[in-house]
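As given in TrEMBL:
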type: SIGNAL; residues: 1-15; note: signal peptide
type: DOMAIN; residues: 71-374; note: domain 'Peptidase A1'
type: ACT_SITE; residues: Asp89; note: active site
type: DISULFID; residues: Cys102-Cys107; note: disulfide bond
type: DISULFID; residues: Cys259-Cys263; note: disulfide bond
type: ACT_SITE; residues: Asp268; note: active site
type: DISULFID; residues: Cys301-Cys335; note: disulfide bond
Amino acid sequence: MKWFVLLGLVALSECIVKIPLMRVKTMRKTLSEKNMLNNLLKEHTYRLYQISSPGSNATTHPLRNIKDMLYVGNITIGTPPQEFQVVFDTGSSELWVSSFFCSSPACSKHVRFRHLESSTFRPTKKTFRITYGSGSMKGFLAYDTVRIGDLVSTDQPFGLSLAEHGFEDAPFDGILGLSYPDISLTGGIPIFDNLKNQGAVSEPVFAFYLGKTKGSVVMFGGVDHRYYKGELNWVPLTQAGDWRVHMDRISMKRKVIACSGGCEALLDTGTSLIIGPRRLVKNIQKLIGATPQASEHYVSCFAVNILPSIIFTINGINYPVPARAYILKDSRGHCYTAFKENTVRSTETWILGDVFLRLYFSVYDQGNDRIGLAKAS
């Protein structure tokens, strides 16, 4: 993959609980040519803006697809506004960016928040630590005005990094978590909850359209129906707290290959691939003829035309993921699979990342504790 998994969480103060939600290392490997990513970003500079969708309450904010491995969008923090490029992540609840207090090499490569230049900045003494799949950050909690386009969250809790490890080549300045307050490591109110509480959004709903090329967006306060086909299929959360639902099974050629007795699936925009238990993922790699090499499993690129779809059945509805979606190509032109083993032992849980979410428009309804899925337009 590249930037594989889990933007998600970990720990407060000195107590560190590892729930991997993003592995930064693989994008570095895929874009192994030095400066390739930086050159890419320089060649395709862009400016994000916000659009109110006609006939919809949704406020739409553009995202940028970085090599099919993650999606980033711009926000501003402070007064006057300072702009940052962040990952919009449904797998975590914290908002944090790099700061001038941070002396790590990773921070020097990113835009850093200049606290002395913001008249609305308010620091605290509360510190926290987050460990991701192959990176970590340590920071402290502060408050300031945060803007996502025209949406304004005043006195918003956010983290400022004091140290970062593993994010040296990350094409983002921070992470914006969109999960529930229940999994917040800092105890601060997540930005979407603050927007909701301050009346900035008309409905407690946000949604993602993750495109292959241009046109990716996150929308707040409603749903723009132009981004999906047919009807939304609503799935209740297994429990309010994170964006996790019950999944019936995973099958291929009418045979169940995983999740045979039902399992859980976490829909995570901060994860690049599809993550599952080691034993079951190994079985899927074997079924599709993938050969392990380093940290990836490779197949012939011609296999895209002959491999069957893998079907994820959720709430009685089949969501096929065809081979063209779960077979990816690296910078050398070699093809590898989008399935990755979860190193955390737990009950059977699958993480459906961008490989799945590029195919299916997803709606996160916090008011009714449910997720809506429909085929993306």
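Glycine too: its Cβ is placed from the backbone N, Cα and C atoms.
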Specify the count of other C-beta atoms within 10 Å of the C-beta of Cys301 (disulfide bond). 13
Please name which of the disulfide-bonded residues listed here, Cys102, Cys107, Cys301, Cys335, is nearest in space to Cys263 (disulfide bond), Cα against Cα. Cys335
Going by Cα-Cα distance, which of the recorded positions (Cys259, Asp268, Cys335) sits nearest to Cys102 (disulfide bond)? Asp268
What's the CA to CA span in angstrom from Cys301 (disulfide bond) over to Cys259 (disulfide bond)? 27
Cβ atoms other than its own within 10 Å of the Cβ of Asp268 (active site), all chains, total 28
What is the separation, in Å, between the Cα atoms of Cys259 (disulfide bond) and Cys335 (disulfide bond)? 26
Far apart in sequence but close in space: which same-chain residues, 6 or more away, have a Cβ under 8 Å from Cys107 (disulfide bond)? Ser98, Ser99, Ser161, Glu164
With the cut-off set at 10 Å between Cβ atoms, which of these disulfide-bonded residues ends up with the most neighbours? Options: Cys102, Cys263, Cys335. Cys102
Other than its own, how many Cβ atoms are within 10 Å of the Cβ belonging to Asp89 (active site)? 25
